[in-house]
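S.K.: Pasting in a structure now, in structure tokens, and then I'll have a few things to ask.
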Amino acid sequence: MSENKKWYSLDLGLNKTKKSSGTCGCGNAEGSCSSTPKKEEELSPDEFYEAAINASIGEERHKDGFDQVFDVKMDRRSAFRKLTASLLIGAGAVSTSCSVTTGDKSKEKAQIDWEEQFKGNYKLMTDEEKQGTIERLMRSYELRTDKNISMTAENAAEDVLFGYAFNISKCQGYMNCVSACVEENNQDRNSEMQYIRIHEMKDGEGFKFDKADDNYYHEVPAEGHFYMGTQCFHCDNPPCVEVCPVQATWKEEDGLVVIDYDWCVGCRYCMAACPYDGRRFNWSKPEVPENEVNKNQHYLGNRMRKKGVMEKCTFCVQRTRKGKNPACVEACPTGARIFGNLLDPKSTIRWVLENKKVFRLKEDLGTEPKFWYFMD
Amino acid sequence: MGIFKVFKSLVIDSLDTITKGSAKYHLWMGFLTLVMLIGMYCYSIQLEEGLSATGMSDRVSWGLYISNFTFLVGVAAAAVMLVMPTYVLKDIDFKQAVLIGEGLAVAALIMCLAFVVADMGGPSVLWHMIPGIGVFNFPNSMLTWDVIVLNGYLFINISIPFYILFKHYQNKEAKKSVYVPGAILSVFWAVGIHLVTAFLYQGLQARPFWNNALLGPRFLASAFAAGPALIILVLAVIRTFTAFKIEDKTIKKIAMIVTVAAQINLIMLVSELFKEFYAPTHHSESAYYLFFGLHGKTALLPWIWTAIPINVLATIILTFNKFRNNLKVLYVCCGLLFVAIWIEKGFGLIVPGFIPGPYGKIVEYLPSGIEIGVTISIWALGAFVFTILAKTAIGIELGELRYKDKNAENV
């Protein structure tokens, strides 16, 4: 589709909508307006559909290759498991013979811990395997705390591509989004980890991030200031995904850039590669008081993390895949935050992109963020 | 079967050699062991508490470990500077030094791997990186390239000297047709390991300080100055403490390599400084921070203003034949150069890459005590490994270690 381009450009997936509207009101996807309608006439619907899918997720289709890659990898992995199974039996025998008080529960816990330690990459799991791991994680939580959590492994829905818009004129710097995010996503309370940063900037100086204050404690809105929030932008061409040595982070079909916390080895290469300060690392064991834990969890989202792994904003995958807005959008008292499906022509986000003068940060880097800023 | 018997005898003999020595030798090894034990204690604290035990943070997410890793890749690559003249250019002088150089490369690579493991958040799941049972993101991630080239280089640098020593151990000549192709391969491979390591940083559009085309070549130049400088110092120590003969001619030739590499390194430094400061852009902020400090934050100034003058001074002194050929001056210069380049690669390259952060925030970095303890102990590990390798190699080369065929004795 973009044979003239030497660099990556975001396919907003406008072509992916099955019914094309004929008129094209998008003023944002560079160059696609003039070229797309012509192409539509040249291609048959089937070819066009194929080409559109290739353009948007083609690379993934080759890389993922569930059917080809998966079998081989799992075979070897299970071979590895079998090799270590004897070790397990040996270790188990030793522990039971040495310990008088080993109960069924601790045995079950050990079994779960073992299987969790040697499970595969979530990205390459079948749906049954995904189900298996979330059941183990839920059971493990129950065994440890006697409380139940609900965790899902919901996959991306079809014809969905999530996008975000931020109204700089409306934001007053209240930071309700920040606290809502922390509560929703079970972030470490000790280190006060926050995915969202609100930058307080001086009027008349423009977007001077280096002079902005992202750690203020005074009353807002402060006179002569305006506010601007940053978080993970869920780039369409994410540099963090490319650099991960173990594919522990990837872009889902609905555009969310996610991390398998259990697969991450903690090298922090993605952190160095992110131009937007979008990633966080668990420098110590993350802790959330039991009564503050959000128990509605998603494997890729707000489930409990461990020390030594990366995490980041997932656009609240546990909410958005159920059709709800992310916590930050819901918490914002000013309506500065807009979230929606970019592929739905009737969505608010599409209206904003088509009717406002939108821009993105550091566009020259070619990362194609799915996070736009605009002003009233 | 014969080979296994010889191998077994070699292992026993070398164990015998490395456990015997002068009082100084035992003191040295005991000291290294003590340092390693202290480091292991520090690492156990880091494992327990997580990487919060280090000075790193979300803003400066790589520190002393990755700095040392980067520097040591260069040291490892420098072994090639001895291999090339000996095997490819057929300059016989170097042959004695080559085994030492390759031993140094092996020790440096082991240190590299140790530093990477020390930097990992989850060392227990490192098997995720093993192709086959894990997922190896090749060729997309430069880190996977680095894993391949480093391990490949380690293999080459173990196998070539091992083959030669193994043959000499049995009183046989090593066959050139076997090891010369390997040596030639290692020449290219050495350039590869350092270039790939540079690409690790160079490929990040998020970090303008690293995202420049000169990074790779400059890595090579500084490595080929610091690595052979270390080799000269090591050869000097070996000359003093063992009967292993190393001619002045050899040392002077290596000194020539150090000098030329150091000169090229300075030229590149000038080019870099010109680009950053003649027409400064937003992207020059890291360089400003490094050399002059930014918004009153000046933690790196003492480091870089120590490194640059030392570097320039040592290079100028080495440039004059008269000084360079004076071994005492040469040793001092090599020591200075080694320290200067170590600072430049660590505090001068890795840390400022993160400062200022993506949105201009400046959070400074200072390594914690735990981090320093682990770092020193990994250096001690390297010295320990190298001492063992060198002692065995020297024993074989001097003819002290020889395979005694039992059948032959019976006759």
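For all residues, glycine too, the Cβ spot is worked out from N, Cα and C.
Pulled the feature table from TrEMBL, pasting it below:
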- B:27-46: transmembrane segment (TRANSMEM)
- B:66-85: transmembrane segment (TRANSMEM)
- B:97-118: transmembrane segment (TRANSMEM)
- B:147-166: transmembrane segment (TRANSMEM)
- B:178-201: transmembrane segment (TRANSMEM)
- B:221-242: transmembrane segment (TRANSMEM)
- B:254-274: transmembrane segment (TRANSMEM)
- B:300-320: transmembrane segment (TRANSMEM)
- B:329-352: transmembrane segment (TRANSMEM)
- B:372-394: transmembrane segment (TRANSMEM)
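Give me the lay of the land around each of these features.
M.R.: Within the chain carrying the transmembrane segment (B:147-166), a Cβ under 8 angstroms from the stretch's Cβ atoms is held by residues 6-7, 10, 73, 76-77, 79, 98-99, 102-103, 105-106, 109-110, 112-113, 129, 136, 138, 174, 178-179, 182-183, 185-186, 189-190, 192-193, 196, 392-393, 396-397, all 6 or more beyond its ends.
For the transmembrane segment (B:178-201), the list of distant contacts is 70, 73-74, 76-80, 83-84, 86-88, 142-143, 145-146, 149-150, 152-153, 156-157, 159-160, 163-164, 207, 210, 215-216, 218-220, 223, 349-350, 353: same-chain residues at least six beyond its ends, Cβ to Cβ under 8 Å.
Through the fold, the transmembrane segment (B:254-274) approaches residues 81-82, 97, 212, 214, 217-218, 221-225, 228-229, 231-232, 235, 287, 308, 311-312, 314-315, 318-319, 324-325, 330, 334, 337, 341 of its own chain, all at least 6 residues removed from its boundaries and within a Cβ separation under 8 Å.
Within its own chain, the transmembrane segment (B:300-320) is flanked in space by residues 255, 258-259, 262-263, 265-266, 269, 289-293, 329-330, 333-334, 336-337, 339-341, 343-344, 347-348, 351-352, which lie at least six positions past its ends and keep a Cβ under 8 Å from the stretch.
Long-range Cβ contacts of the transmembrane segment (B:372-394) within its own chain (Cβ-Cβ under 8 Å, at least 6 residues beyond either end) map to 14, 17-18, 21, 28-29, 32-33, 35-43, 46, 64-65, 68, 72, 99-100, 103-104, 106-108, 110-111, 114-115, 118, 161, 165, 234, 238, 242, 244, 401.
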S.K.: Hey, which bits of the same chain come close to the transmembrane segment (B:329-352), Cβ under 8 Å, at least six residues off its ends?
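M.R.: Same-chain residues near the transmembrane segment (B:329-352) but 6 or more away: 60, 62-64, 66-68, 70-71, 74, 201, 209-210, 222, 225-226, 229-230, 232-233, 236, 251, 255, 258, 262, 265, 286-287, 289-290, 300, 303-304, 306-308, 310-311, 313-315, 317-318, 323, 365.
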